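Working notes, structure below.
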Amino acid sequence: MSGKIKVTFIINDGEEKTVEAPIGLSILEIAHSNDLDLEGACEGSLACATCHVILEEEFYNKLKKPTEAEEDMLDLAFGLTDTSRLGCQIILTEELDGIKVRIPATTRNIKL
């Protein structure tokens, strides 16, 4: 493998955008580098929930469990689901090749 995997972002209107993403970066970093609207107000420091994304169960189950700090932030996310995670906490690995990431229509910055 060349050190890249395919990541498909599903935007709120159902539009899909598939990109090749380097292993080792976060979903938040990949979204930003591809001009996708995933806020990340705290720049990945686990101090907000604006990079909230929803994963398919298959890929959600391949990730390590969220830390307590991530769970605390997820509790504040708008539209939380059973497969919600913070994009800043999902680091790409070969095992995540083909992952689909839904970007919810709205996010909530708790600092507002």
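Every residue gets a Cβ built from N, Cα and C, even glycine.
Using a 10 Å radius centred on the Cβ of Cys48 ([2Fe-2S] cluster binding site) and all shown protein chains, the other Cβ atoms total 24. If you look up Swiss-Prot, you'll see Cys42, Cys48, Cys51, Cys88 marked as [2Fe-2S] cluster binding site, on the strength of sequence analysis.
Sequence annotations record features per position, and here Swiss-Prot assigns domain '2Fe-2S ferredoxin-type' to 5-107.
Burial estimate for the binding-site residues (Cys42, Cys51, Cys88): highest at Cys51, by number of other CB atoms within 10 Å.
Across the domain '2Fe-2S ferredoxin-type' (5-107), DSSP helix (H, G, I), strand (E, B) and coil residues number 24 helix, 26 strand, 53 coil. Each residue in Leu28, Glu39, Gly40, Ala41, Glu43, Gly44, Ser45, Leu46, Ala47, Ala49, Thr50, Met73, Leu86, Gly87 lies on the same chain as Cys42, Cys48, Cys51, Cys88 and has a C-beta within 8 Å of the C-beta centroid of that [2Fe-2S] cluster site, without being one of the site residues.
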